């Protein structure tokens, strides 16, 4: 009987010990108390995706540069009214909108900070690809992206100081100037090569541009999908942040377009400013919050840039689809009017018919 009892006690102790055993990856174990290493999965994945995204977007920006003419690009720099309007949208509208959304939806302080960080980021290079698909001003688009990235080195600290001080000390937020510099280099150098190709071999530049625009569109969608699938906990996010992530890019597109139109810019430049305003550099935002906050804090805020990215791309797809539908309908209507005028006046030449149609493009207004 004594042997049986000892055997039972041994089995019970063995089961209790193994049911509460430390995980295999524990670094220090003291009974049932274990110290686990920090889970760097998201950090490593973000680094890999950032590297791949930087290289691939550099290639895409080379193709976008094939649609940029040096004289027009330099004209925007010498008379930077469009760039100034974009500056007001990027570092005026977006940080203020982020601040108001954080207040209205009463999110947690740490979540309010990440919303504002995203609002203070410069425009992303994805906006240049989308601007091409909506027939925007590519010279203005690339000059705005370049200038906003350069100005972000001074404007981001200022905006963060103004808008985050009610929730946290802005000095605790680490700005990765090296990442901003890499983004700038990955933009300027490929675009410069593209501009050179466009100057020397314009026929080849058109082919490169078409291929690059398609590859860029596919790449942007793939990065968003891969990030959404692979990031651990990417869908574990409070409903309030889902709502903010939906409203924020839509507000950026809308307000950017309205301010550009009020400033007197042409329609194709209004579309350009709209996209540059709403499409933020979410990779830069992810880098900032990883450098600035602890692992526990990251669980509450890390995936908001991903949510914003998903919705900014979704609205951009609707933007492109709506514009393409409008263009097709307008051109069809214009052709029908010209044919009607020709039937009414058979002596008129095609050029006269086009003049008599009375059509004046809104792009020139």
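Keep in mind that glycine also has a Cβ here, set from the backbone N, Cα and C atoms.
Some features that TrEMBL has for this protein:
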TRANSMEM  45-63  transmembrane segment
TRANSMEM  83-105  transmembrane segment
TRANSMEM  112-134  transmembrane segment
TRANSMEM  140-163  transmembrane segment
TRANSMEM  175-195  transmembrane segment
TRANSMEM  207-229  transmembrane segment
TRANSMEM  241-263  transmembrane segment
TRANSMEM  306-326  transmembrane segment
COMPBIAS  336-347  compositional bias 'Basic and acidic residues'
REGION    336-365  region 'Disordered'
COMPBIAS  349-365  compositional bias 'Polar residues'
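Using a Cβ-Cβ cut-off under 8 Å and counting only residues 6 or more beyond its ends in the same chain, the transmembrane segment (140-163) has close neighbours at 64-65, 68, 73, 76-77, 80, 82-83, 86-87, 90-91, 95-96, 98-99, 116-117, 119-125, 127-128, 131, 170, 173, 175, 177, 180, 183-184, 187-188, 191, 269, 272-273, 275-276, 281.
Under 8 Å from some Cβ of the transmembrane segment (306-326) lie the Cβ atoms of residues 118, 126, 130, 133-135, 220-221, 224, 227-228, 231, 234, 237, 241-242, 245-246, 248-250, 252-253, 271, 274-275, 278-280, 282, 285-286, all in the same chain and six or more residues away from its ends.
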